[in-house]
């Protein structure tokens, strides 16, 4: 084994990076196809968000961009699968870039889930300012930090295929509507823990793909170096081909002795 290959780890937390990356690529390809089918069925059945008669230019642009994005997700996932199978490290770069963007959007989604908390803290700071163990300045500072998070969450106005609240069909995003304060806080804590767990898993999968990229790149560089050092092999001509070749006897020189059987 080449010493450079030994420096690249082929496992990540007891999992082979090539197997994990291949499984991830197959999963993304299947999910892209299912997402395209689901979106097409919604448009065909004329859901409220997809009726052409009720949408303007913005809704039409949003619908077209949704299909374009799903198609790009499928192409990038297929590129990842081809890159792993055929050892083309460059085909892994689009997926790595997509994962970075997806991770940033997930962070903004997590920050956007705290958009309703500043109002609770303001109410608590006004009603419990005298009996609270925390100083009012601390509560105001925390409220200011959460307001900054709210400002960051304003950049979540992305198309509907990436809008977290528009995809909240199962109501797994905590909301303060018809929910007591204590229950809402508990739901936010559970939601944050679960979402952070998902982010950690995304980082782990990104690490697997990155190590697979380095491994394939190192393997290709070793193979190219090995091929460059190989000597060119020349195949000798047969007897008939040698007789048909022009004579290399210099002009005026002695002719070679005739061939004779012993």
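Yeah, the Cβs are placed from backbone N, Cα and C, and that goes for glycine too.
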Segment assigned the feature transmembrane segment in Swiss-Prot (from 113-133, 134-154):
134-154
According to Swiss-Prot, which of these ranges is transmembrane segment: 64-84, 211-231?
64-84
